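Asker: Heads up, here are the entries from TrEMBL:
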TRANSMEM  12-30  transmembrane segment
TRANSMEM  57-79  transmembrane segment
TRANSMEM  85-104  transmembrane segment
TRANSMEM  150-171  transmembrane segment
TRANSMEM  178-203  transmembrane segment
TRANSMEM  215-235  transmembrane segment
TRANSMEM  247-267  transmembrane segment
TRANSMEM  279-299  transmembrane segment
Amino acid sequence: MSETRGRYDFCIGLVLAMSSSIFIGGSFILKKKGLLRLARKGSMRAGQGGHAYLKEWLWWAGLLSMGAGEVANFAAYAFAPATLVTPLGALSVLVSAILSSFFLNEKLNLHGKIGCLLSILGSTVMVIHAPQEEEVETLNEMSHKLCDPGFVVFATLVVIVSLILIFVVGPRHGQTNILVYITICSVIGALSVSCVKGLGIAIKELFAGKPVLSHPLSWILLLSLIVCVSTQINYLNRALDIFNTSIVTPIYYVIFTTSVLTCSAILFKEWQHMAADDIIGTFSGFLTIIVGIFLLHAFKDVNFTLANLPLSLRKDERAANGALLSAYDCFNQDEESSACLGEIQSTESLSARRNGSLSAF
């Protein structure tokens, strides 16, 4: 009975995590369109510390969409392990990429489609190998986990790094280095996930009739979550306003997921109860997702489709093998020899560069 109940909770958490990704992926588009509209109006931009986006309804629509996604995500953490829920955030990257191609004129080429497929496959592998039993079921157990020396050291380092990035690095390099604001969101997000996990357990105990509201840990987790989420929203808005959505979204996902997996390994010790093949499968799925996201966005500006593939292959073959034939044809035509020699040299130079020859330079 307990095993059946655990599998049922696992399925509920999986569905909630997937629906959360859809809402959150759409929220990035709505927020970006709102910020772009403000920029056209000449308002002070969020990247410069402005808060004019609070008067823009599109931004609020994005916030509500993200709120719905976070509520679903919040509930998912109450039913499924963080090792499963967090990596499935890659689906929000896919949703964001697809919607960007429709509403932000950011085209999805062949590399992007392959990246989407790889991300879906990686997510599937992670779902198959994720732990399906939850070890922490009460607030008392959660309080013991939070007092663990390993987590205390981790949380202290996160707070120190965040403060340094906010007050020292951010004012100097935040406008030019995309990693500054995204790192702030990501490392603080690891703590917010821990708070969400604890509050999810508290809500389950509340429905079971236990005196959760009198437990001080419930209020500490709620206050910490408000502070963490507020900080994340502020600096994520700055990153979205300054840099392209297609760059912010995948980098944020990779750093955030890595931070959460690290925090989960330290706090919940989920990895200790996983078999070796499940651990390998989880890491393989995560790396597959990262490769997919890289393909999705690294070649975003390259206009490459399946229709271009045969032509590209023919060009590569001509560049590699056609130099001698071109030379023979050109030397048989005296009046065009000078023009052909220039073409031969250009072709040989291109071929040499593709083959890594230093003589091309």
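Glycine is treated like the rest: Cβ placed from N, Cα and C.
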Asker: With pairs closer than 6 in sequence left out, are the transmembrane segment (57-79) and the transmembrane segment (178-203) joined by 3 or more CB pairs under 8 Å?
Answerer: yes
Asker: For the transmembrane segment (279-299), which recorded stretch in the set 12-30, 57-79, 85-104 gives the largest number of Cβ pairs separated by under 8 Å?
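Answerer: Going through each listed stretch, the top one turns out to be 85-104.
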Asker: Considering only Cβ pairs within less than 8 angstroms, which of the stretches 12-30, 57-79, 150-171, 247-267 has the most against the transmembrane segment (85-104)?
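Answerer: Ranked by Cβ pairs under 8 Å, first place goes to 12-30.
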Asker: Which one of these stretches, 12-30, 57-79, 247-267, has the most C-beta pairs shorter than 8 Å to the transmembrane segment (150-171)?
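Answerer: Looking at each of 12-30, 57-79, 247-267 in turn, the most contacts to the transmembrane segment (150-171) are made by 247-267.
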Asker: Excluding the flanking five residues on each side, which residues at least 6 beyond the ends of the transmembrane segment (12-30) place their CB within less than 8 Å of a CB in that stretch?
Answerer: 58-59, 61-63, 65-66, 68-70, 72-73, 75-81, 84-85, 88-96, 99-100, 103-104, 127, 240, 245, 249
